[in-house]
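The structure appears right after this line, and notes come after that.
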Amino acid sequence: MEVSNTKQQHQSASISLTKPVRCIVKLGGAAITCKNELETINEENLKTVSSQLRQSMTTGSNSGEVLGMDWSKQPGESEISSTLSDFEDRPVVDSSPFIVVHGAEGIPSIGMSPFSCGWSTRERNIASADLSAVAKAIESGLVPVLHGDAVLDDLLDCTILSGDAIISHLAAHLKPEYVVFLTDVSGVYDRPPSDPNAVLLREIAVAKDGSWSIEKPTFQNKNKQVETSVAAHDTTGGMLTKISEAAAIAKLGIDVYIVKAATSHAFKAFSGELKGNLPEDWLGTAIRFSNK
(Lines of atoms letter the chains of each structure in order from A and count residues from 1; the text may use other names and numbers.)
(Lines give C-alpha, C1' and ligand atoms only; values in the text may rest on other atoms or scores of the structure.)
Protein backbone atom coordinates (compact mmCIF):
# COMPACT_ATOMS: atom_id res chain seq x y z
CA MET A 1 0.00 0.00 0.00
CA GLU A 2 1.25 3.48 -0.81
CA VAL A 3 1.40 6.30 1.69
CA SER A 4 0.52 9.69 0.23
CA ASN A 5 3.71 11.63 -0.42
CA THR A 6 2.24 15.07 -1.02
CA LYS A 7 4.96 17.71 -0.97
CA GLN A 8 4.49 20.14 1.85
CA GLN A 9 6.33 23.44 2.22
CA HIS A 10 6.62 23.43 5.99
CA GLN A 11 7.74 26.66 7.56
CA SER A 12 8.72 25.06 10.86
CA ALA A 13 11.92 26.52 12.22
CA SER A 14 14.80 24.22 13.07
CA ILE A 15 14.34 23.04 16.66
CA SER A 16 17.27 22.28 18.95
CA LEU A 17 16.60 20.72 22.35
CA THR A 18 19.06 20.13 25.19
CA LYS A 19 17.27 16.88 26.00
CA PRO A 20 15.81 14.81 23.11
CA VAL A 21 12.11 13.99 23.09
CA ARG A 22 11.63 10.43 24.24
CA CYS A 23 8.05 9.79 23.15
CA ILE A 24 5.07 11.46 21.49
CA VAL A 25 1.73 10.06 22.60
CA LYS A 26 -1.56 10.39 20.71
CA LEU A 27 -4.64 9.93 22.90
CA GLY A 28 -7.36 8.93 20.47
CA GLY A 29 -10.81 10.30 21.17
CA ALA A 30 -12.21 6.78 21.40
CA ALA A 31 -9.60 5.94 24.03
CA ILE A 32 -10.50 8.63 26.56
CA THR A 33 -14.12 9.54 25.78
CA CYS A 34 -17.39 7.64 25.61
CA LYS A 35 -18.06 8.11 21.91
CA ASN A 36 -21.62 6.84 22.16
CA GLU A 37 -22.42 9.58 24.68
CA LEU A 38 -22.34 13.32 23.98
CA GLU A 39 -19.25 15.08 25.41
CA THR A 40 -18.59 12.39 28.03
CA ILE A 41 -15.08 11.68 29.30
CA ASN A 42 -14.06 8.11 30.11
CA GLU A 43 -12.66 9.15 33.48
CA GLU A 44 -11.34 5.72 34.42
CA ASN A 45 -9.34 5.39 31.22
CA LEU A 46 -8.06 8.96 31.46
CA LYS A 47 -6.85 8.50 35.03
CA THR A 48 -5.12 5.22 34.14
CA VAL A 49 -3.44 6.71 31.07
CA SER A 50 -2.26 9.75 33.06
CA SER A 51 -0.85 7.52 35.78
CA GLN A 52 1.00 5.40 33.23
CA LEU A 53 2.38 8.52 31.57
CA ARG A 54 3.68 9.79 34.92
CA GLN A 55 5.41 6.48 35.62
CA SER A 56 6.93 6.35 32.15
CA MET A 57 8.18 9.94 32.37
CA THR A 58 10.05 9.28 35.60
CA THR A 59 11.95 6.27 34.26
CA GLY A 60 15.59 7.23 34.63
CA SER A 61 14.91 10.59 36.30
CA ASN A 62 16.80 11.63 39.41
CA SER A 63 13.88 12.06 41.79
CA GLY A 64 11.54 9.43 40.40
CA GLU A 65 8.72 11.95 40.76
CA VAL A 66 6.74 14.24 38.50
CA LEU A 67 4.95 17.16 40.12
CA GLY A 68 1.40 18.03 39.25
CA MET A 69 0.14 21.50 38.42
CA ASP A 70 -3.54 21.32 39.32
CA TRP A 71 -3.89 23.52 42.40
CA SER A 72 -7.67 23.19 42.27
CA LYS A 73 -7.44 19.75 43.86
CA GLN A 74 -8.13 19.45 47.57
CA PRO A 75 -5.66 17.70 49.93
CA GLY A 76 -6.00 13.95 49.70
CA GLU A 77 -7.69 13.94 46.27
CA SER A 78 -4.58 12.92 44.38
CA GLU A 79 -1.26 11.26 45.08
CA ILE A 80 0.38 13.89 42.87
CA SER A 81 1.94 16.70 44.86
CA SER A 82 0.93 20.16 43.62
CA THR A 83 1.73 22.83 46.20
CA LEU A 84 3.90 25.83 45.45
CA SER A 85 6.55 24.75 47.97
CA ASP A 86 7.01 21.48 46.09
CA PHE A 87 8.50 23.38 43.14
CA GLU A 88 11.24 25.10 45.15
CA ASP A 89 14.83 24.00 44.49
CA ARG A 90 13.71 21.50 41.86
CA PRO A 91 15.45 21.05 38.50
CA VAL A 92 12.91 21.92 35.83
CA VAL A 93 13.98 19.11 33.53
CA ASP A 94 14.05 15.97 35.67
CA SER A 95 12.07 13.54 33.56
CA SER A 96 12.00 12.08 30.09
CA PRO A 97 10.52 14.65 27.65
CA PHE A 98 7.09 13.55 26.38
CA ILE A 99 4.59 15.31 24.12
CA VAL A 100 0.87 14.52 24.31
CA VAL A 101 -1.54 15.13 21.45
CA HIS A 102 -5.15 15.47 22.64
CA GLY A 103 -5.10 15.82 26.43
CA ALA A 104 -4.12 14.54 29.93
CA GLU A 105 -4.31 15.40 33.67
CA GLY A 106 -2.13 14.99 36.77
CA ILE A 107 1.15 15.75 34.93
CA PRO A 108 2.93 19.12 34.46
CA SER A 109 1.14 19.81 31.19
CA ILE A 110 0.40 22.95 29.24
CA GLY A 111 -2.36 23.13 26.62
CA MET A 112 -1.47 24.46 23.17
CA SER A 113 -4.08 25.17 20.51
CA PRO A 114 -2.67 24.71 16.98
CA PHE A 115 -4.88 27.57 15.77
CA SER A 116 -3.58 29.95 18.45
CA CYS A 117 0.00 28.82 17.91
CA GLY A 118 -0.12 29.72 14.22
CA TRP A 119 -0.55 26.34 12.56
CA SER A 120 -2.13 26.60 9.09
CA THR A 121 -2.69 24.37 6.08
CA ARG A 122 -2.88 24.49 2.30
CA GLU A 123 -5.42 22.08 0.84
CA ARG A 124 -5.43 20.31 4.23
CA ASN A 125 -1.64 19.76 4.19
CA ILE A 126 0.35 21.53 6.92
CA ALA A 127 1.85 24.69 5.44
CA SER A 128 3.07 26.47 8.57
CA ALA A 129 3.65 25.38 12.16
CA ASP A 130 5.53 27.37 14.76
CA LEU A 131 7.14 24.80 17.07
CA SER A 132 9.06 27.32 19.18
CA ALA A 133 6.41 27.29 21.93
CA VAL A 134 6.51 23.49 22.03
CA ALA A 135 10.30 23.58 22.36
CA LYS A 136 10.17 26.21 25.14
CA ALA A 137 7.65 24.12 27.09
CA ILE A 138 9.83 21.01 26.83
CA GLU A 139 12.95 22.94 27.88
CA SER A 140 11.00 24.20 30.92
CA GLY A 141 10.19 20.65 32.00
CA LEU A 142 6.54 20.84 30.90
CA VAL A 143 4.53 18.43 28.77
CA PRO A 144 3.02 20.16 25.70
CA VAL A 145 -0.57 19.02 25.09
CA LEU A 146 -1.84 19.63 21.55
CA HIS A 147 -5.11 18.58 19.96
CA GLY A 148 -6.89 18.36 16.65
CA ASP A 149 -8.19 21.80 15.77
CA ALA A 150 -9.90 23.96 13.15
CA VAL A 151 -7.20 25.99 11.41
CA LEU A 152 -6.96 28.50 8.55
CA ASP A 153 -6.31 27.03 5.10
CA ASP A 154 -4.76 29.05 2.26
CA LEU A 155 -7.23 27.72 -0.31
CA LEU A 156 -10.16 26.34 1.69
CA ASP A 157 -10.40 29.23 4.19
CA CYS A 158 -10.75 26.80 7.11
CA THR A 159 -10.34 23.06 7.65
CA ILE A 160 -9.83 20.44 10.36
CA LEU A 161 -6.23 19.63 11.27
CA SER A 162 -6.28 16.14 12.78
CA GLY A 163 -4.30 15.04 15.80
CA ASP A 164 -2.76 12.29 13.64
CA ALA A 165 -1.40 14.90 11.19
CA ILE A 166 -0.07 16.97 14.12
CA ILE A 167 1.74 14.01 15.64
CA SER A 168 3.29 13.12 12.27
CA HIS A 169 4.59 16.69 11.86
CA LEU A 170 5.97 16.78 15.41
CA ALA A 171 7.73 13.45 14.90
CA ALA A 172 9.34 14.63 11.65
CA HIS A 173 10.80 17.75 13.30
CA LEU A 174 11.49 16.62 16.89
CA LYS A 175 12.66 13.04 16.15
CA PRO A 176 11.36 11.19 19.25
CA GLU A 177 12.63 7.70 20.08
CA TYR A 178 9.15 6.29 19.42
CA VAL A 179 5.50 7.28 19.01
CA VAL A 180 2.46 5.73 20.69
CA PHE A 181 -1.11 5.93 19.38
CA LEU A 182 -3.69 5.05 22.03
CA THR A 183 -7.09 3.82 20.90
CA ASP A 184 -10.08 1.83 22.18
CA VAL A 185 -9.05 -1.47 20.57
CA SER A 186 -5.90 -3.59 20.88
CA GLY A 187 -4.34 -2.33 17.66
CA VAL A 188 -4.81 -2.66 13.90
CA TYR A 189 -6.94 -5.55 12.68
CA ASP A 190 -7.29 -7.03 9.20
CA ARG A 191 -10.96 -5.99 9.31
CA PRO A 192 -13.20 -4.07 11.73
CA PRO A 193 -12.55 -5.52 15.23
CA SER A 194 -16.28 -5.99 15.72
CA ASP A 195 -16.06 -8.82 13.19
CA PRO A 196 -15.59 -12.11 15.13
CA ASN A 197 -13.05 -13.25 12.51
CA ALA A 198 -10.88 -10.14 12.86
CA VAL A 199 -7.15 -10.82 13.30
CA LEU A 200 -4.81 -8.49 15.21
CA LEU A 201 -1.83 -7.38 13.10
CA ARG A 202 1.23 -7.50 15.35
CA GLU A 203 3.78 -5.97 12.98
CA ILE A 204 3.53 -3.80 9.88
CA ALA A 205 6.68 -3.14 7.83
CA VAL A 206 7.20 0.14 5.98
CA ALA A 207 9.45 0.19 2.90
CA LYS A 208 11.70 2.99 1.63
CA ASP A 209 9.06 4.10 -0.87
CA GLY A 210 6.50 4.51 1.92
CA SER A 211 4.47 1.42 1.02
CA TRP A 212 3.57 -0.89 3.87
CA SER A 213 2.80 -4.56 4.28
CA ILE A 214 1.73 -6.96 7.01
CA GLU A 215 4.76 -8.65 8.57
CA LYS A 216 3.08 -10.63 11.38
CA PRO A 217 1.01 -12.72 11.40
CA THR A 218 1.69 -14.35 8.05
CA PHE A 219 -1.27 -14.56 5.68
CA GLN A 220 -1.51 -16.82 2.63
CA ASN A 221 -2.28 -13.74 0.56
CA LYS A 222 0.88 -11.65 0.93
CA ASN A 223 -0.88 -8.62 -0.58
CA LYS A 224 -3.77 -8.78 1.88
CA GLN A 225 -5.46 -5.43 2.38
CA VAL A 226 -6.74 -4.03 5.67
CA GLU A 227 -10.49 -3.48 5.72
CA THR A 228 -11.54 -0.49 7.81
CA SER A 229 -14.68 1.41 8.64
CA VAL A 230 -15.08 5.06 9.64
CA ALA A 231 -17.64 6.21 12.18
CA ALA A 232 -20.04 8.89 10.94
CA HIS A 233 -18.82 11.35 13.59
CA ASP A 234 -15.11 10.83 12.79
CA THR A 235 -13.99 13.88 10.76
CA THR A 236 -10.36 12.77 10.40
CA GLY A 237 -10.48 9.48 8.48
CA GLY A 238 -10.47 6.74 11.12
CA MET A 239 -7.99 3.86 11.35
CA LEU A 240 -6.82 3.94 7.72
CA THR A 241 -5.66 7.55 8.14
CA LYS A 242 -3.99 6.58 11.40
CA ILE A 243 -2.10 3.75 9.67
CA SER A 244 -0.99 6.08 6.88
CA GLU A 245 0.29 8.71 9.32
CA ALA A 246 2.00 6.00 11.39
CA ALA A 247 3.67 4.61 8.27
CA ALA A 248 4.95 8.07 7.35
CA ILE A 249 6.50 8.34 10.83
CA ALA A 250 7.99 4.83 10.66
CA LYS A 251 9.58 5.73 7.32
CA LEU A 252 11.69 8.23 9.28
CA GLY A 253 13.11 5.34 11.32
CA ILE A 254 10.86 6.01 14.34
CA ASP A 255 8.98 3.00 15.74
CA VAL A 256 5.22 3.48 16.12
CA TYR A 257 2.95 1.49 18.43
CA ILE A 258 -0.85 1.41 18.18
CA VAL A 259 -2.29 -0.03 21.39
CA LYS A 260 -5.36 -0.02 23.62
CA ALA A 261 -5.40 2.75 26.22
CA ALA A 262 -5.26 2.09 29.97
CA THR A 263 -3.73 -1.39 29.62
CA SER A 264 -0.44 -2.97 30.66
CA HIS A 265 0.36 -3.21 26.95
CA ALA A 266 0.10 0.58 26.64
CA PHE A 267 2.41 1.03 29.63
CA LYS A 268 5.03 -1.20 28.01
CA ALA A 269 4.84 0.98 24.89
CA PHE A 270 5.23 4.21 26.93
CA SER A 271 8.17 2.79 28.84
CA GLY A 272 10.24 1.84 25.81
CA GLU A 273 10.08 -1.90 26.53
CA LEU A 274 9.21 -2.84 22.95
CA LYS A 275 12.50 -2.10 21.22
CA GLY A 276 13.79 -5.07 19.25
CA ASN A 277 11.67 -8.19 19.26
CA LEU A 278 8.13 -7.79 20.57
CA PRO A 279 7.21 -9.81 23.67
CA GLU A 280 4.94 -12.71 22.72
CA ASP A 281 2.34 -11.67 25.28
CA TRP A 282 2.16 -8.05 24.08
CA LEU A 283 -1.10 -7.05 22.41
CA GLY A 284 -0.81 -4.19 19.97
CA THR A 285 0.51 -3.27 16.54
CA ALA A 286 4.11 -2.21 15.90
CA ILE A 287 4.79 -0.26 12.69
CA ARG A 288 8.48 -0.16 11.79
CA PHE A 289 10.78 0.79 8.95
CA SER A 290 12.21 -2.13 6.98
CA ASN A 291 15.30 -2.12 4.75
CA LYS A 292 14.12 -5.21 2.91
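The backbone N, Cα and C atoms fix where each Cβ goes, glycine too.
Noted in TrEMBL for the protein shown:
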type    : residues               : note
SITE    : LYS35                  : site 'Transition state stabilizer'
BINDING : SER61, GLY163          : substrate binding site
DOMAIN  : 105-259                : domain 'Aspartate/glutamate/uridylate kinase'
BINDING : ASP184, GLY238, LYS242 : ATP binding site
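What TrEMBL annotates, mapped onto the structure for a quick look.
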residue	record	CB count, 10 Å
GLY163	substrate binding site	23
ASP184	ATP binding site	18
LYS242	ATP binding site	24
* What's the CA-CA gap between ASP184 (ATP binding site) and GLY163 (substrate binding site) in angstrom, rounded? -> 16
* Reported as an integer number of Å, what is the Cα distance between LYS242 (ATP binding site) and GLY163 (substrate binding site)? -> 10
* How does the model score the domain 'Aspartate/glutamate/uridylate kinase' (105-259) in terms of mean pLDDT? -> 88
